[in-house]
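Working notes for the structure below.
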Amino acid sequence: MLLAVLYCLLWSFQTSAGHFPRACVSSKNLMEKECCPPWSGDRSPCGQLSGRGSCQNILLSNAPLGPQFPFTGVDDRESWPSVFYNRTCQCSGNFMGFNCGNCKFGFWGPNCTERRLLVRRNIFDLSAPEKDKFFAYLTLAKHTISSDYVIPIGTYGQMKNGSTPMFNDINIYDLFVWMHYYVSMDALLGGSEIWRDIDFAHEAPAFLPWHRLFLLRWEQEIQKLTGDENFTIPYWDWRDAEKCDICTDEYMGGQHPTNPNLLSPASFFSSWQIVCSRLEEYNSHQSLCNGTPEGPLQRNPGNHDKSRTPRLPSSADVEFCLSLTQYESGSMDKAANFSFRNTLEGFASPLTGIADASQSSMHNALHIYMNGTMSQVQGSANDPIFLLHHAFVDSIFEQWLRRHRPLQEVYPEANAPIGHNRESYMVPFIPLYRNGDFFISSKDLGYDYSYLQDSDPDSFQDYIKSYLEQASRIWSWLLGAAMVGAVLTALLAGLVSLLCRHKRKQLPEEKQPLLMEKEDYHSLYQSHL
């Protein structure tokens with residue numbers, strides 16, 4: 001049944017999204033530095049005739065950067081995307097996309113006016129058909145060439161400043177693998193020189209917003225590819241895990257019986273080929289990953305360097321991260337202390353919040369623990385566990401946002417490592433998104449997590465809000481009732497006082513009780529109250 005669904009999907013759909021729009025990679029586009037493709041609905045650039053958007057100059061932030069990358073004009077990702085384009089579509093209202101043909105996250109419908117909240121669920125809560133459908137969608141993405149996007153296989157300089165385009169087709173799944181490689185690759189300085197201390201999505205403030213957008217775009221493309229608008233990425237809750245409980249053939253793949261570094265032949269993913277994993281080879285040739293298959297997925301969970309990562313994260317580790325009030329601190333890189341981002345990413349201890357270069361914890365611990373393809377930053381997205389892992393990391397980010405409710409100004413405006421300032425555009429996304437745009441609640445982006453819905457403090461606020469609104473509507477009646485009650489209380493108190501005086505006159509003074517009867521005391525107390 002699963003194979004029948006998969007083959008049906010493979011023959012039915014051809015779509016994608018990700019990096020360089022196919023419509024914008026001609027020599028004309030590259031030399032004119034313009035990416036404003038027509039929207040299919042009216043054939044005008046950016047859907048301008050329909051009011052969806054228009055072609056505009058890109059306004060880049062001039063906020064100062066941190067000292068980690070001491071070069072200028074040597075890397076295509078600097079001041080993204082200005083090396084390739086200085087004009088792109090600027091979409092209006094709730095429209096989004098490289099040609100304004102899509103809706104912003106959280107909006108649906110032909111005019112993008114409908115709000116919708118999707119829920120990401122624990123993979124262990126999926127039924128067998130739901131789980132098999134998820135695996136079928138992954139395989140479909142792995143076998144569907146993108147009709148919308150291509151990947152560059154050379155630098156802008158190697159393309160002779162755009163006059164000789166160098167781009168390849170790629171399937172949808174590997175497109176996102178390539179994006180994760182490209183955003184974290186070393187800087188190629190020419191000759192045999194490289195610069196390793198550069199990463200536009202890790203080791204700095206944009207780590208969490210970048211991966212949030214990455215998952216949203218991945219999710220959105222699977223929805224388009226399959227026609228399943230309710231699709232969401234499941235998460236793996238790894239808190240307190242003693243082993244990789246999703247590393248079975250029923251889920252993400254068990255171990256090969258004769259080669260522990262490979263997946264079991266019975267695994268859904270055992271035949272997958274990986275891409276973008278040979279970083280040193282690319283560096284030595286001053287070249288980019290071109291999407292060529294490079295061998296099978298490798299994974300040997302638990303047989304890693306235990307001196308660096310002695311255990312998987314605990315619930316207490318997560319709670320300590322959430323208790324940290326600062327999103328970012330100090331140098332805003334992997335040496336930051338008491339930084340929620342740096343602690344969750346795994347460069348600071350989840351016991352103290354102090355940066356520790358000798359240990360890999362939290363998010364990093366899972367990558368190290370997998371001991372294979374997922375353990376290398378650039379190629380880690382080849383392993384589909386990457387999606388489940390980062391969905392859960394994003395849920396922890398969401399918990400922190402809900403607990404501390406930071407203003408957007410909490411996200412650093414300046415002096416972060418290159419590509420990580422609040423107004424910097426995220427590499428390598430087209431359409432363009434800023435880091436600060438995703439420093440907001442997931443609900444504002446149209447999704448939530450199943451395990452957060454039960455504990456969300458907002459749910460109590462929403463529950464009581466209706467009662468407060470009703471109270472405001474009947475406030476004048478309540479005020480009038482209170483005044484009448486006060487008058488009646490005063491009259492009753494006067495009557496009780498008269499009765500007491502009359503009683504004192506009837507009893508000799510020495511026979512009068514020191515206290516009233518219990519019932520009388522209660523009535524008087526309540527009346528005075």
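The backbone N, Cα and C atoms fix where each Cβ goes, glycine too.
Within the list Asn161, Asn290, the entry that Swiss-Prot describes as N-linked glycosylation site is Asn161. Look at Asn337 (N-linked glycosylation site): DSSP puts it in coil. Between the glycosylation sites Asn86, Asn371, Asn371 has the most other Cβ atoms inside 10 Å of its own Cβ, all protein chains included. Secondary structure counts, DSSP: the region 'Disordered' (287-313) has 0 helix, 2 strand, 25 coil. Averaged across the topological domain 'Lumenal, melanosome' (19-476), pLDDT in this predicted model comes to 95. Of the chain residues outside the Cu cation B site list His363, His367, His390, Glu345, Gly346, Asn364, Leu366, Ser380, Phe386, His389, Val393 have their Cβ within 8 Å of the site's Cβ mean position. The two recorded residues, Asn86 (N-linked glycosylation site) and Asn161 (N-linked glycosylation site), show a Cα separation of 14 Å.
In the structure shown, the C-beta of Asn161 has more C-beta neighbours within 10 angstroms than that of any other entry among the glycosylation sites Asn161, Asn230.
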